[in-house]
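Feature annotations, reproduced from TrEMBL:
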TRANSMEM  20-40  transmembrane segment
TRANSMEM  61-83  transmembrane segment
TRANSMEM  95-117  transmembrane segment
TRANSMEM  150-169  transmembrane segment
TRANSMEM  176-197  transmembrane segment
TRANSMEM  233-257  transmembrane segment
């Protein structure tokens with residue numbers, strides 16, 4: 001018995017140090033990749049979207065209006081995250097990270113709409129920052145769930161601070177390397193953590209569904225012009241990207257509503273006659 005009690009904290013400590021080493025090495029590799037690559041200025045073509053129709057007096061109408069779902073799901077998710085009884089959230093750390101995620105999603109609606117009314121280098125940071133805050137908070141909520149509240153909250157503070165610094169750096173030096181790396185690594189880190197660390201909840205597959213939707217959305221944004229031609233100029237790839245990204249918080253909300261604690265579920269099964 002005595003040896004068993006001694007071995008358990010040692011195993012936990014070894015696992016924690018392994019985790020720190022893995023993510024530390026990943027961070028160092030990302031920094032080396034950034035510093036050893038040339039500066040990447042934001043291209044003027046970034047602001048040139050194929051669908052520039054002006055409907056009802058609203059410039060770039062569909063690119064603006066397709067941000068409305070972000071507002072709806074963001075506000076509803078924020079309210080449900082702060083209230084008890086709907087989302088299955090078991091710690092205060094999860095409340096904070098999920099609340100900030102939905103607040104970031106609501107911020108995307110305002111920031112992206114403001115940017116698409118008149119796309120330029122001055123407005124693009126309001127399109128970029130809320131999404132980076134949302135993804136930082138989403139990854140932090142997963143860390144709280146899989147690795148613990150203390151590590152997750154530290155992650156939330158560090159990632160959101162990094163998001164602000166990346167956007168400020170891009171605005172001052174016209175260099176998108178840090179923002180590109182930030183937006184690439186965070187969504188891809190989510191399925192990696194979901195695979196490496198077990199969840200205390202059911203419905204973990206929704207994390208992988210969300211990653212797949214994110215990759216699909218990025219494909220739609222990259223093929224903006226081609227998709228616009230394919231569907232006979234009804235809706236552009238960039239507008240479809242907005243709608244696809246809005247599915248992610250909806251899907252995660254479904255996960256939060258339906259998931260259960262695995263331990264509680266096991267106890268319920270044992271109590272059945």
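A Cβ is built for glycine as well, from the same backbone N, Cα and C atoms used for every other residue.
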Let me spell it out: take the transmembrane segment (95-117), skip the flanking residues so only those 6+ beyond its ends count, and list any with a Cβ under 8 Å from a Cβ in it.
49, 58-60, 63-64, 67-71, 73-78, 81-82, 87, 89, 123-124, 126-131, 133-138, 140-141, 144, 152-153, 156, 160, 242, 245, 249, 256
Using a Cβ cut-off of under 8 Å, list the residues of the same chain at least 6 residues beyond the transmembrane segment (233-257) that approach it.
49-51, 62-63, 66-67, 69-70, 73-74, 76-77, 80-81, 86-89, 98, 101-102, 105, 108, 112, 138, 203, 206-207, 209-210, 213-214, 216-218, 220-227
